[in-house]
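Peer 1: My questions will all concern the structure given below.
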Amino acid sequence: MQKVLDFLQKEQKFFGRPTPREALELHRYLVANVANLQAPDLASQLKENRAYSKPVASYLMDFVMPVQRDNDVSETSLHRSLSRSSSQVTPVLSISLSRGSRGFIPTECEIPVPAELEGRIGVDLFLDAVSPNSALARSPSPLSAVFKQSLSVLGLKSRLPRGAVDPLLGFALAIEEGYPDTHYHCKLHAADVTHRLVAILQHSGIASALVEEDWVTGLGMLIAGAVHNYRHPQVTNGFLVHQEDEVALTYNDTAVSENFGLCESRKILRDLGIRGAVFPNDPNKHRWRRFINTLTSAVLATDMAQHFDILGKFMALVLEDFKLQSIRPRDRWKAMSSEQRTVTLQIAIKVANIGHNSLPIHLSKLWLKRLQDEYFEQGDREARAGMRVSALMDRRKPGVFSRHPQVGFFEVIAIPLFNAWSKGFPQCECLNDKVLQNYEFWKSFPQ
């Protein structure tokens, strides 16, 4: 896009066209459509390339486009079964999860942080949060421990009003109660993603800039990490949409679990009086609105249906801004426009969200095994309802913990995402290096 803009400037200089007004209109059009300029037509590419088997192609399409898909490439058995059967599955989000207690406000000492993790939470990009040897996994409240330590790592404790920390810790505990204990989308995942997000902000230099000029955004990102999968049903959005779950209808099939978790989280913020505790002198709600906008933008960015739009926008607005790229990486945040900052934070949480792909392979495999177990549980539900089981969710066949699905996921999702982030913030290059190492592992993994 930058090359197009440079060309227009040269044309105007020598030929007087486009006129300033025409150039402005063209510029606005380009900026408004940067995502479309960068976003791939994944359905067409998978269809033409034929690099992946039909189940793997279907899985990849379901992962990033759970509702609108090319039927020739990506129609899942769930689509087909619903078209020929009126059987319904018991609603998931609408009845199966209860809301955690909201009345308890702890003191800091009531949330223990393992001593060996005090200098690593929010810092160590390769922290173990999942193995039996993990101090965080053995913690009674792993998410709350990460949240508590991150308040210090991000410099928020020194910026928050007196008396605001304890209500925020009460909020973290209430959120933690809303996460399952097992499988992939669980409280350990929330702790892992929140920790990694803080570490990414630290290593990129964004965190230090936020402490200086905009701690409200820093708090919004911390809470976004904590709540991004709150009350997750441990089934896919596509499953909820196609069974017409009550919550899918509520959010018109759009980012169903993300919107649901965000809404429920905001109710807890309200019920615990977080706005008054954190922003006591904000009569016009200016800070509160900035906080909510950051929180909403970040959480909804974790919906993989928006993946290519967000990644494309980051590439066009940030990576192709040559003036921005000429600035020292640690100073780039301060030079960014509001729009560039928003998409940068969205990419940061996306990297954190699938960051298990950048862990040492023995840890990455543990997370993937949890994800496969969760998918198999969904497949079991589909089978019990008389449906054909969705791609890679039939426990009688290879699941996502196998070579071809992983190679496809790395090539289509993980490698482009981590590569883009490391280009924007080379301080995080080690994440991209580990992703490439893990990709090579899966390429040679016995099928």
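Even glycines carry a Cβ here, placed using N, Cα and C.
According to TrEMBL, the feature active site, proton donor maps to His185. Here TrEMBL flags His189, His228 as Zn(2+) binding site. For 85-447, the entry in TrEMBL reads domain 'PDEase'.
Help me see these features in their spatial surroundings.
Peer 2: All chains included, 22 other C-beta atoms sit within 10 angstroms of the C-beta of His185 (active site, proton donor).
Neighbour density for His189 (Zn(2+) binding site): within 10 A of its CB lie 25 other CB atoms from the protein chains shown.
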Peer 1: What number of additional C-beta atoms lies within 10 angstroms of the C-beta atom of His228 (Zn(2+) binding site)?
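Peer 2: Excluding its own Cβ, His228 (Zn(2+) binding site) sees 29 Cβ atoms within 10 Å.
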Peer 1: For His189 (Zn(2+) binding site), which of the three DSSP-derived states applies: helix, strand, or coil?
Peer 2: helix
Peer 1: So what's the mean pLDDT when you look at the domain 'PDEase' (85-447)?
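Peer 2: Computed over the domain 'PDEase' (85-447), the mean pLDDT is 94 on the 0 to 100 scale.
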